[in-house]
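K.L.:
One structure follows; several queries about it will come next.
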């Protein structure tokens, strides 16, 4: 009970008025949007094919979603085909890495907010905690730009390889010229939004580094005003002789 009372008495809600607290809440929310818009996306592509000995074109639809392991998406172009056609490439690694970074940032922001709110005095007195916070923030900032850039290439691959014309479906097997036509392509609005949140997270973390750096002893050492040199005995004697 005594320990709980000490924690409660040390609660600092005012940290939300400071840049490090307010920005941490913003980073917390943006990280959720980043991985949520990626994992919740589902779409499909539909095209028609006129198979041999058929009088009417038939529709073929394939579906895809997170983690976008498109190579495992296989289907027969026509019922008479002996082999299935599988999409040529996917974006599983970049999608999973992007979501991993988002989840790690989400958890770290939650832990940092607990530290700021309940153990603010310890955070301010212990320079090691401030330095660790700054170093982890630098690493997470780098991870955001790396993951967002990789995911941008991944989204481009998803768009390409789910397009029957660009993804190699047309011109394969019985899906030759004028025998296959695209009826509908996937909706990638959610993935485009996820990219925006990724680079937005990177920008916010870049700004946050400055405010965390101001808490480090390195900044306080460089910003400390120089002290005036103390008077030496020789200078005192010379001033007396001058008088």
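Placed from the backbone N, Cα and C atoms, the Cβ positions cover glycine too.
This is the feature table in TrEMBL:
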- 15-217: domain 'MARVEL' (DOMAIN)
- 97-119: transmembrane segment (TRANSMEM)
- 131-153: transmembrane segment (TRANSMEM)
- 193-213: transmembrane segment (TRANSMEM)
- 224-243: region 'Disordered' (REGION)
- 229-243: compositional bias 'Polar residues' (COMPBIAS)
K.L.:
Counting only residues 6+ away from its ends, which parts of the chain sit with a Cβ under 8 Å from the transmembrane segment (97-119)?
P.N.:
7, 10-13, 15, 20-21, 24-25, 27-28, 31-32, 34-35, 38-39, 66-67, 129, 133, 136, 140, 143-144, 147-148, 150-151, 154, 194, 198, 201
K.L.:
Grab the same-chain neighbours of the transmembrane segment (193-213) for me: Cβ-Cβ under 8 Å, and only residues 6 or more beyond its ends, written as numbers and ranges.
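P.N.:
For the transmembrane segment (193-213), the list is 19-20, 23-24, 26-27, 30-31, 33-35, 37-38, 41, 98, 102, 105, 130, 133-134, 137-138, 140-141, 144-145, 147-148, 151-152, 155, 219.
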K.L.:
Restricting to the domain 'MARVEL' (15-217), what is the model's mean pLDDT?
P.N.:
92
